[in-house]
Amino acid sequence: MSDEKQCSSYERCDFEDGLCSVIQDQSLRLGWTRRNGMTGPSPPFYDHNGDMLAHFLSLGPNVDSPSSLRSRVLLPTNNQHACQITFYHFVSQANGKLTAGIQTTCGGPVRHLWQNTAGLQHQWERNIIKIQSSQRFQVVFQGQMISTLERDEVIAIDDISFSSGCLPANDENLPCQEASNTEETLCHPDASLCRFNSTDGGLKLCQACGFEFDMCNWVAEASAGQSSWVRTKTREIPILESTPQQDQSSDDEGYCIWVGAMHASTLDHLNSRAYLNSSVCHCLGKSCHLQFYYSMENSVLRVGLYHNKEEEIFWTYSTSTHRKWVKADVLIPEGLKTFKIVFEGTILNQEGFIGLDQLWVYACSWVPSRKPCSADEFTCANGQCVVQELVCDSQKDCPDGSDEGPATCSNPLRCGFESGFCGWEPFLTEDSHWEFVEGSTRVDHHLPDAEDTTSRHHGSFLYLGVHQSPAVAKLGSPVLTKSRTASTPCQLQFWHRLSQHSRLSVFTRTAWDGDLQKQGELIGVSEPQWRQAKMDLFVRTGESTLPFQLILEAAVVSSNATVALDDISISQECEISYKTLPATSIESKAGFVPHEDAGSLLSSKGCAFTSDCLDGADGVSCVSECDFEANSCGWFEATSDGFDWTWSSRSNLSANFEHQAPLQDHTHNTSEGHFMFILKNSNSLLQIAKLQSPTFSQTGPGCTLSFWFYNHGLSVGAAELQLHMEKSNDSTVLWRVLYNQGKQWFQAVIHLGRLTQPFHLAFHKVSLGFYNGVSAIDDVRFENCMLPPPSESCKGADHFWCLYSKTCIKKLQLCDLVDDCGDYTDEIDCEPELQCNFEKGICNWEQDAEDDFDWTRNQGPTPTLNTGPMKDNTLGTARGHYLYIESSEPQVFQHTAALLSPVLNATDAEGCTFRFYYHMFGKHIYRLAIYKRVWNNTKGQLLWETFGDQGNIWIRKHLPISSQQPFQISVVASVGDGFTGDIAIDDLSFMDCTLYPGNLPVDLPAPPETSVPVTLPPHNCTDNEFVCRSNGQCVASIQKCDFRYDCSDKSDESYCAMEVCSFENGSLCKWYQPISGNLIQDSNTFRWGVGNGTSIHHGEENHRPSVDHTT
């Protein structure tokens, strides 16, 4: 608890003694309940420290309207002391929503800073919010249970603390609206703000409505065309080019009101009108205001007032907002005291839409003068405010153009290509290059007419349009570095126009020959037009202070494809570096998830085979199945040296390059189907093609990767798939093809297993100056790669509930050296003496001294190609260790290697379990067997065996064991009839077994029985004669066992081998093999055995007949 001793300056509330001074409302509003784990019928049944008696606040399932919890009013923050809020929250079901934000004006909009939608369920989670505000503010928590009837669905919050930078103000209420420094008017909502006819719902109209929980008593009415306003999440709006991807508060999961062409019943009704109505409003102050945010495209928005049955339109707008939310503050005519507000939306075409958010009707007795622009707004020369993000974006948003003037936009990292490349450098290639184009010049019929290029028809831009496809052109920035004072990522902005069959990728690198880090990718569309792109640039871990270079790579894959580029700028968080890049990179690590239009996810996340990007963008870059029809799914060429993996189809290639691609793809078996293939368009001595995947965060234990490959040609060369773990320079080869496979597609299946750290994959191919062939990849698929989902509880005694991930796994998976939970809680409190992963030797196991040769400890692939594993099972990489048998010389067929476990105690009635992973891959794989022995000098009882090639995968096996005596396990592998017979084992563990402190006893042979002399009848036979047992008749000894009866009682043949033996039923007919004193060596050298054709195992085909002679 030493970390809590220095917290006396922090305002904290753990709800043990009430609501504390940091909470404004000392009487809880409807919905919130102060309780502990013992007093509630539903979870949580303890606080975040696991104390059932500790108190917290909870919100039950019967509250279907939002309930707020407010802090006291806090002073504006400053740079010296940051305001940071820490709290714990608990949500039992996905139907519960909890948000946190700040409010700066009474009844004003809540700026959302956090919400719970991405969290886990049924566990306490710690959250930290950092606040920056130039105004006084309150912290507002809002919770609501959405459409739930379940009794145990609940939201809870506990242990709210405010850092020393959160300074309390003396005011009890926030100001009515943003006021000047000399005047401040407080808002009294019940007396002087506004009133509506509906007493309960009317107050919702007085508050800012962000539509997060409901319609706030605004009513949507459909016209005859059935167009209607709809409350929806912004990310769920049908994707249009101009649709914003977040609500006004920049919340990916936020709500807004929306109407669009998709909500019109037929195209004939596109011009129908949709209405959004308030109830009757009474303005009691000197003036009333309507404030709202809007975003629109190809539509008309009108705001009207109804007064005395008359309608007055007092605001109209019909211009595109370019995916931005724009703020409007409209003064309602003075003297108008009673009115209704109506929003009227008209959609003009199929691409049209209107979005509304943060509607607010307010009034104060003080009439403000013209309000100064806020900190996140730019003040135009005429005093108008525009959003700061629109400044210096190469498009005039101020009527006077001051947001794009030289005084505002004097950025050395901005280039409009009016007088050259401005420090950017085109990469020289043999086949393609950038061209300067005047906007008023038609250089190609595929470029737009001058009037279609927006404001670029009087300036220059860069253009790539070749008639010999495919082609690639690159543009490199000056060497950059991130500013030491920057707290946010650098942002790249540019305008682009991409036609169909074109692509524009953005990379960074920190060394001239270092790996490229992909920041984003844009794909061409069938109806191109100029669009702006913004990308936040994220650097790799540990490289934030290194200089770097931006690389823009344009690619066209058909003869009529084009790429145009203009107005590149880099934000002030980056600056030109006076250092050059080093020749080589300090470390190669992937670290991003590219998004099509904005930024990246950090490498600590990566793709987890779930939708991580809330706007769905990672559906392109994190797909578990990719047929390459729409795009490259985030896979990209990482070296780009003229010998590159390229996305295309056969039909899109020119005649000069189509011989380098397959005739058809694998997915559809057509020339129009897409794939990734090797394109060679330049020659040098050493060229490397590297097709790199997005970064994946982790995989589940059963994860497998499959893909189809094409490798044909006399000089096509080898290819391999490599695994690269983040924070490591090592690579692991997972798959390799060495030579011409013919003109067809082949499938490869690879077991990835449990990978606990972020990683990426890469297909490598090397050209040593001469390449003639076809190499391609298609239909990449990941299966069973997700960890089990969280569960409320586990059913049955044979399951284990993981402590943090809350997933259910079988108890057989506990302490098996594999992280099945995803939080390692299934691998704690284990007995290390009962486990061995061979990372530090062979533990307390030992090599059997009585076998033919020993197991070998190894990491990486075995020395022989096409047999043995390439990686271990524990780590899943070439750095991990395992045991294997080397089947090459001097070993011969059926030589065995045995590994002995420690001695274990006799089991109880339920027995115990032996678990292990084995790998049996190769043409000459023979046999792996598990024995249990209770005597030190015996082979023991066979528990399990398997024969033959099982594939290039690690296979898990568990064996139940029951023994009334102390015992030992023996793992025995036998060599097959050839050198590709390497067998491997890893991750051996026992469950419910205990160690025996002694050794196994020796099985002594039974003492020889005392022979009873045979009583012979009276006879006169010599020592060279045999005495017949019944009558004493004498026959020559040579006549004994000669298959002829010489004694009348046939006793001379009674103890002899049978004359005829078919060896049926396993009988040797009294034939036997002499046993010499050197038993072990003789038993492994050409021993006879009884068998039949059905018992032949893989590897024995060349040593036994398949049928007998008898039957």
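Cβ from N, Cα, C; glycine included.
Taken from TrEMBL, the feature domain 'MAM' applies to 11-168 (among others).
Per TrEMBL, domain 'MAM' is recorded for 207-375 (among others). Within the model, the domain 'MAM' (207-375) shows a mean pLDDT value of 74, rounded to a whole number.
DSSP assigns C385 (disulfide bond) to a strand. Other Cβ atoms within 10 Å of the Cβ of C385 (disulfide bond), summed over all protein chains shown, number 18. The disulfide bond feature in TrEMBL is assigned to C373-C385 (among others).
Mapped onto three states, the DSSP output places C398 (disulfide bond) in coil. The disulfide bond annotation in TrEMBL covers C380-C398 (among others).
Summarising the annotation, TrEMBL assigns domain 'MAM' to 413-576 (among others).
Residues or ranges marked as domain 'MAM' by TrEMBL: 624-787 (among others).
Feature annotation from TrEMBL assigns disulfide bond to C815-C830 (among others). When other Cβ atoms within 10 Å of the Cβ of C830 (disulfide bond) are tallied across all protein chains shown, the result is 15.
Residues or ranges marked as domain 'MAM' by TrEMBL: 834-995 (among others).
Positions annotated as disulfide bond by TrEMBL: C1041-C1056 (among others). Within the same chain, the residues at least 6 positions away from C1056 (disulfide bond) whose Cβ sits under 8 Å from its Cβ are K1040, C1041, F1043, K1070, listed in sequence order.
Sequence annotations record features per position, and here TrEMBL assigns domain 'MAM' to 1059-1111 (among others).
Within 10 Å of the Cα of C385 (disulfide bond), the following disulfide-bonded residues from the list C398, C815, C830 place their own Cα: C398.
Taking the disulfide-bonded residues C398, C1041 in turn and counting surrounding C-beta atoms within 10 angstroms, the largest count is reached at C398. Counting other Cβ atoms within 10 Å of each Cβ, the disulfide-bonded residues C373, C815 show the lowest value at C373. Taking the Cβ of C380 (disulfide bond) as centre and 10 Å as the limit, one finds 20 other Cβ atoms among all the protein chains shown.
Spatially, by CA atoms, the disulfide-bonded residues C373, C380, C398 include one closest to C830 (disulfide bond), and that is C373.
Between the C-alpha atoms of C373 (disulfide bond) and C380 (disulfide bond), the distance comes to 9 Å.
Here the CA atom of C815 (disulfide bond) lies 65 Å from the CA atom of C398 (disulfide bond).
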